[in-house]
Amino acid sequence: MEMSKASKQTTRHEESEHVQNPEPDQILSPRRSLELKQRKWWISVSLCLFLVLLGDSLVMLLLNFFYVQMKQDRREEYDQDLQYKGTWTQALIQNAAFPILIPLFFIFPKPKQHLETNNTSFLSLRLFFLYLSLGVLVAAHSKLFALGKLVSNYGIFSLISTTQLIFTAVLTAIINRFKFTRWIIISILLTIVIYVLGTPDFGGQPHDGEEFGYNIQAWLAFSATIAFSLSLCLIQLGFEKLQVKTKRYGNEKVFRMVLEMQICVAFVASVVCLVGLFASDEYKELKGDSKRFKKGETYYVLSLVGLALSWQVWAVGMIGLVHYVSGLFGDVVHMCASPFVALFVVLAFDFMDDVFSWPRIGALIGTVLALGSYFYTLHKRNKKKMAELNQSENNVEV
């Protein structure tokens, strides 16, 4: 009895201390708290946008470097089987560097858990199956993306890939109940035009006469775009309906949630790609590829490591945009990066007839308009929240 009374007194004492010492956000006025929250949100969105642009640029530069070094030996004589080799390796590289994110996951501060714990075990189980299904989906996209670029003309592949944004818009409207505004629709239309005009050249595409049939090219491109669009919508659904409701991070959106999503999904995708690598006996070609690499084995390893790290930079930025804004916005930013990537590719490589032409310059200008249209919508939403808060405060005063 005495022990139970003592424990009750201790619990009451802790609760009273919690009331007397509230969180910093609770000390601030609601208006000031919302201003700080929106400022942090804008900083997070800007950081993720920069990571996507940086990751896209590094990935395409390193992919071009890799295939330029491999192209002379692997493409001298057309061999249909050679078109498939290396695709499981490239798919694995897209996901395998996730362990570098684990230290960052523990470095970022973890907010206090919410006191409510109802149905958290059920939600955690659903979250586990979401990570599992997303990992398989990302692995499928990685394989199709790597294969589609090698067996088809990159111009055709990129042209079909413009439908990716349309698929994302349709799926997010169905799965995420996304509400469109006229400015978002304008941003989508501009982004499609930008992607068509500003697509960079790719050193791994086959020479004339090497392409597969157009039906295979189209199906590979469509499958890759649908898998990517669906993964964005499911990631957004996981953030909104599952990860937030587990209350492990309180009621706030924190960057730690982004890292958790990427680590878990990339782990599953890496396992799937690793199984594919060994099941297809593609791992036996790695030693031969390193010897055929014109710059030598050291540069071969460094290029693969650089690619793996660049893919993680891109993935963290992309999932961050999905987390803080939406999957549709993440796809818009990803596709708007194409003119910047094209500029870097032109400066770094000497491809035949590949120049930063006037259409690409127009696409670069259009990128500002497309992102500006979407950012205007985000600004209006934040402004509306502030106006609603002011109105509620005025009603309380009255």
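Positions of Cβ are set from backbone N, Cα and C atoms, glycine also.
Residues or ranges marked as region 'Disordered' by Swiss-Prot: 1-26.
Residues or ranges marked as compositional bias 'Basic and acidic residues' in Swiss-Prot: 11-20.
For S29, the entry in Swiss-Prot reads phosphoserine, with the evidence type similarity to another entry. Its own atom aside, the Cβ of S29 (phosphoserine) has 10 Cβ atoms within 10 angstroms in the protein chains shown.
Counting same-chain residues at least six beyond the ends of the transmembrane segment (43-63), those with a Cβ under 8 angstroms from any Cβ of the stretch are 200, 202-204, 255, 258, 303, 306-307, 310-318, 320-321, 324-325, 330, 333-334, 337-338, 340-341, 344-345, 348, 378. What Swiss-Prot records for 43-63 (among others) is transmembrane segment.
Positions annotated as transmembrane segment by Swiss-Prot, on the basis of sequence analysis: 88-108 (among others).
Taken from Swiss-Prot, the feature transmembrane segment covers 127-147 (among others), and the record attributes it to sequence analysis.
The transmembrane segment annotation in Swiss-Prot covers 155-175 (among others), and the record cites sequence analysis as its basis. Sequence-distant neighbours of the transmembrane segment (155-175) (same chain, 6+ residues past either end, Cβ-Cβ under 8 Å): 148-149, 188, 191-192, 195-196, 199, 205, 214, 217-218, 220-222, 224-226, 228-230, 232-234, 236-237, 326-328, 331-332, 335.
According to Swiss-Prot, the transmembrane segment annotation covers 183-203 (among others), on the basis of sequence analysis.
Annotation comment: Swiss-Prot describes 219-239 (among others) as transmembrane segment, evidence class sequence analysis.
Here the transmembrane segment (258-278) has Cβ contacts under 8 Å with residues 48, 88-89, 91-92, 94-96, 98, 101-102, 104-105, 108, 131-132, 134-136, 138-139, 142-143, 235, 238-239, 243, 312, 315-316, 319-320, 323 of the same chain, all six or more residues outside its ends. Taken from Swiss-Prot, the feature transmembrane segment applies to 258-278 (among others).
Under 8 Å from some Cβ of the transmembrane segment (301-321) lie the Cβ atoms of residues 44-45, 47-56, 58-59, 62-63, 65-66, 69, 89-90, 93-98, 100-101, 232, 235, 255, 258-259, 261-262, 266, 290, 293, 329-330, 333-334, all in the same chain and six or more residues away from its ends. What Swiss-Prot lists as transmembrane segment is 301-321 (among others).
What Swiss-Prot records for 332-352 (among others) is transmembrane segment, and it gives sequence analysis as the kind of evidence.
Sequence-distant neighbours of the transmembrane segment (355-375) (same chain, 6+ residues past either end, Cβ-Cβ under 8 Å): 183-184, 186-187, 190-191, 193-195, 197-198, 329, 332-333, 336, 338-340, 342-343, 346. The feature transmembrane segment is assigned by Swiss-Prot to 355-375 (among others).
In this chain, the transmembrane segment (88-108) does not touch the transmembrane segment (219-239); fewer than three CB pairs sit within less than 8 A of each other, excluding pairs fewer than 6 residues apart. Counting same-chain residues at least six beyond the ends of the transmembrane segment (332-352), those with a Cβ under 8 angstroms from any Cβ of the stretch are 49, 52-53, 56-57, 60-61, 64-65, 68, 162, 164-165, 187-188, 191-192, 194-195, 197-201, 203, 318, 321, 360, 363-364, 366-367, 370-371, 374.
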